[in-house]
Amino acid sequence: MDVIKKKHWWQSDQLKWSVIGLLGLLVGYLVVLMYVQGEYLFAIMTLILSSAGLYIFANRKTYAWRYVYPGLAGMGLFVLFPLVCTIAIAFTNYSSTNQLTFERAQQVLMDRSYQAGKTYNFGLYPTGDEWQLALTDGETGKHYLSDAFSFGGEQKLQLKETDALPGGERANLRIITQNRLALNQITAVLPDESKVIMSSLRQFSGTRPLYTLADDGLLTNNQSGVKYRPNNDSGYYQSINADGSWGDEKLSPGYTVTIGAKNFTRVFTDEGIQKPFFAIFVWTVVFSVLTVVLTVAVGMVLACLVQWEALKGKAIYRVLLILPYAVPSFISILIFKGLFNQSFGEINMMLSALFGIKPAWFSDPNTARAMVIIVNTWLGYPYMMILCMGLLKAIPDDLYEASAMDGAGPFQNFFKITLPLLIKPLTPLMIASFAFNFNNFVLIQLLTNGGPDRLGTTTPAGYTDLLVSYTYRIAFEGGGGQDFGLAAAIATLIFLLVGALAIVNLKATRMKFD
């Protein structure tokens, strides 16, 4: 006898396909909206991920993929997609001065205007809940008055000549300032059909478009007569000389263009970028290597000590030594920043009392780097200590008993037995720690902000800057503008360098993953 399983209403196929259909419509709407807004990469990414997700969760044959899809989607969205965007930006001139599309930059220039013709003093006079606009010609003394109107939106006011201004009290400067946005949307039309708009808090004046666009793309300044053409190599409207060559003047804002590998070329050819880049790269490698070596050394030694059988109160020592790992790193970094203060820090007070010295932790390059390594070692050793404590449990006690019979001491046991047996399983974690510290942005940003600064560079760079913080400063702290394209190029190089170093380290260790 066949048993018929009763389905609940939420298990029905109609409900499932209805939900899938609604999700599909919502995704389609979002994709179209992104496409209309010009966000093509986001539209493509959303379409791919959502289509794959709907197919996998709607098809019974792809049931196993339902467990894999969230991880793959997360990796694609948060790893691959930003990587592709960064590499794409690296081949453009995208910056704080070249953010717009060509059409948008052209429209911004065409919207600019300049004062032309007469200037009129204006006043606002209340008429109940409405206002009247009055203009006065300073040269002839003639007055012009509008009908009553209310603020709101763009509007044209037809003004008529009048012998005298209204008798009410004229609006003061505070009221005009409060309604400035509304007044900027008013166009006053005089009896001779000339138009004037608000040019200051007390004046209306005639305006003309600053630029005129020809059919061939030539832009002419109506005030100075200078002509401009779009230069697709630099991403600006640039002046042209009488012989047709490019002039020196560029119109801002610029627009984004593809410039090929120029950003990468700048890194290796521009001395103002090249010198700090290679110096910062060397320091980044040294910092990462020293951090890994010191954290492993300190963590391993402390792990051996707290595992020592003769030591009393081991649990208390373990808790105390792991505490730096429990405190959020940004809090510890800011505390150390205060402790290392050159004038009032406790560390300098102690060194001055004991040895009569006050190191310049934040102004001298060498001591600043030493401080960074000290703080990072403090932050990183608890992690390595926890790992070593676990790995020490896997070492057989028979090895130490045999070495004791041969007369070996603690140091011989450590270097002949403990270290060789711990270093191999630690190697992948050491490589991961190296990669993490290679991009340890939080430490540098909060502790030194990259300082002390280097002199004679065209980009902001400091002696404690890592490549990642150097990239950040180029992108967001550049005095000559935020150069996102150059920062993206350096970020791409960092990705390649970290990947190459990780591969070299793995091959150098000749590890076998069985």
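Cβ coordinates come from backbone N, Cα and C, glycine included.
As annotated by Swiss-Prot, domain 'ABC transmembrane type-1' applies to 281-505, with the evidence given as sequence analysis.
What Swiss-Prot lists as topological domain 'Cytoplasmic' is 1-16 (among others), and the listing cites sequence analysis.
For 58-69 (among others), the entry in Swiss-Prot reads topological domain 'Cytoplasmic'. When Cβ-Cβ distances below 8 Å are used as the criterion, the topological domain 'Cytoplasmic' (58-69) is approached by residues 16-17, 20, 52 of the same chain, each at least six residues removed from its ends.
Annotation comment: Swiss-Prot describes 93-283 (among others) as topological domain 'Periplasmic', evidence class sequence analysis. Across the topological domain 'Periplasmic' (93-283), the prediction's mean pLDDT works out to 91.
The topological domain 'Cytoplasmic' annotation in Swiss-Prot covers 307-318 (among others) and is backed by sequence analysis. In terms of DSSP helix, strand and coil, the topological domain 'Cytoplasmic' (307-318) has 5 helix, 0 strand, 7 coil.
Using a Cβ-Cβ cut-off under 8 Å and counting only residues 6 or more beyond its ends in the same chain, the topological domain 'Periplasmic' (342-369) has close neighbours at 283, 287, 448, 451-452, 463-464. Look at Swiss-Prot and you will find 342-369 (among others) tagged as topological domain 'Periplasmic'.
According to Swiss-Prot, the feature topological domain 'Cytoplasmic' maps to 393-412 (among others), an assignment based on sequence analysis. Under 8 Å from some Cβ of the topological domain 'Cytoplasmic' (393-412) lie the Cβ atoms of residues 418, 421-422, all in the same chain and six or more residues away from its ends.
Annotated topological domain 'Periplasmic' per Swiss-Prot: 436-483 (among others), in sequence order, evidence recorded as sequence analysis.
Look at Swiss-Prot and you will find 507-514 (among others) tagged as topological domain 'Cytoplasmic'.
As annotated by Swiss-Prot, transmembrane segment applies to 17-36 (among others). Within its own chain, the transmembrane segment (17-36) has Cβ neighbours under 8 Å at 42-43, 46-47, 50-51, 54, 57-58, counting only residues six or more beyond its boundaries.
If one looks beyond the transmembrane segment (40-57) by at least 6 residues along the same chain, the residues whose Cβ comes under 8 Å of a Cβ in the stretch are 20, 23-24, 27, 30-32, 34, 65-66, 69, 73, 76-77, 81, 84-85, 88. Here Swiss-Prot flags 40-57 (among others) as transmembrane segment.
According to Swiss-Prot, the transmembrane segment annotation covers 70-92 (among others), on the basis of sequence analysis. Counting residues 6+ beyond its ends, the transmembrane segment (70-92) has Cβ neighbours under 8 Å at 41, 45, 48-49, 52-53, 256-261, 263-264, 484-485, 488-489, 491-492, 495 in the same chain.
Summarising the annotation, Swiss-Prot assigns transmembrane segment to 284-306 (among others) and lists sequence analysis as the type of evidence.
Away from its own ends, the transmembrane segment (319-341) comes close to residues 302, 306, 347-348, 361-362, 371, 375, 378-379, 381-383, 385-386, 442-443, 446-447 of its chain (Cβ-Cβ under 8 Å, at least six residues beyond either end). What Swiss-Prot records for 319-341 (among others) is transmembrane segment, and it gives sequence analysis as the kind of evidence.
The annotation transmembrane segment is assigned in Swiss-Prot to 370-392 (among others) on the grounds of sequence analysis.
The transmembrane segment annotation in Swiss-Prot covers 413-435 (among others), and the record cites sequence analysis as its basis.
Note on the topological domain 'Periplasmic' (342-369): DSSP counts are 15 helix, 0 strand, 13 coil.
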